[in-house]
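Student: According to TrEMBL, the protein carries these features:
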type	residues	note
ACT_SITE	170	active site
DOMAIN	2-161	domain '6-phosphogluconate dehydrogenase NADP-binding'
DOMAIN	164-283	domain '3-hydroxyisobutyrate dehydrogenase-like NAD-binding'
Ligand SMILES: NC(=O)C1=CN([C@@H]2O[C@H](COP(=O)(O)OP(=O)(O)OC[C@H]3O[C@@H](n4cnc5c(N)ncnc54)[C@H](OP(=O)(O)O)[C@@H]3O)[C@@H](O)[C@H]2O)C=CC1
Ligand SMILES: O=CCCC(=O)O
């Protein structure tokens, strides 16, 4: 199966590599074209533009930073829309809001193409290990055609119905995750300032009813003030912002998420946006920058 892949950041690179490893023919494009070279070493071809990739491939996957990147890759000059046509499918796996996804869907449908949104749960390591959770919605026939690729990239795929449902599900999940990360950070600070061992707190948490992979994986690095980016903080703050907008639309009061968003914004103002989202711990501590 030949697929196109647009966007080779932390996630896109790992996902495209998995496809190559499993025998897919992959044509890649990235805004910073030099990032394609590593994929070429693993057998990928390069498309000079998103339009060139779509022209060559029946199915094209995108994994881009945010709504503005997702829209730009489709609607700009040399974008996806120039070559999408009947018989071709476009699968956007970026985390965006339902409105962005719908705009892309409508434009692609007008040209006779198929569209599926398919944001993912799981981070850098699950992407490398093909263990993502895929939250797809849109054209069912395209979902079925994409299952061989989803099976390589993920451990479980959900088909959630009409376009927008995948985006919304992803934002709800990340809203919960961002709020949990803030509560966890406050707990680490409180333990430390009240004279307790943070490592003992991690041990206690891991044995109880709120044990979870995020505390287990991020906690030891956080207490060492180490935040190598798996999920960049700027993207988590984007997701909190989009989830709060979804709350606005549906008149859902979310004071916990709103407070968490403020902490992520504060962390961005401290120039921690490119670090892992666990660096919000620095903002909660009140640091000027990571120690
Ligand atoms: N990291 C994670 O753990 C997870 C991330 N996600 C979501 O997946 C998406 C990608 O995340 P991640 O890989 O971490 O992000 P990165 O920041 O590592 O990569 C972002 C990608 O988007 C591209 N890009 C940014 N702006 C534009 C633009 N205007 N036009 C074209 N391309 C653009 C970048 O290109 P360039 O290289 O040129 O900058 C890069 O390829 C995001 O929506 C994120 O929220 C979902 C689940 C987990
Ligand atoms: O969107 C990013 C999700 C990161 C994760 O699920 O660990």
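Here the Cβ of each residue, glycine as well, is placed from N, Cα and C on the backbone.
Keep in mind that this is a model prediction, so the values were computed, not measured.
Show me how these features fit into the structure around them.
Tutor: Its Cβ taken as reference, residue 170 (active site) is surrounded by 28 other Cβ atoms within 10 Å in the chains shown. In the three-state DSSP classification, residue 170 (active site) falls within a helix.
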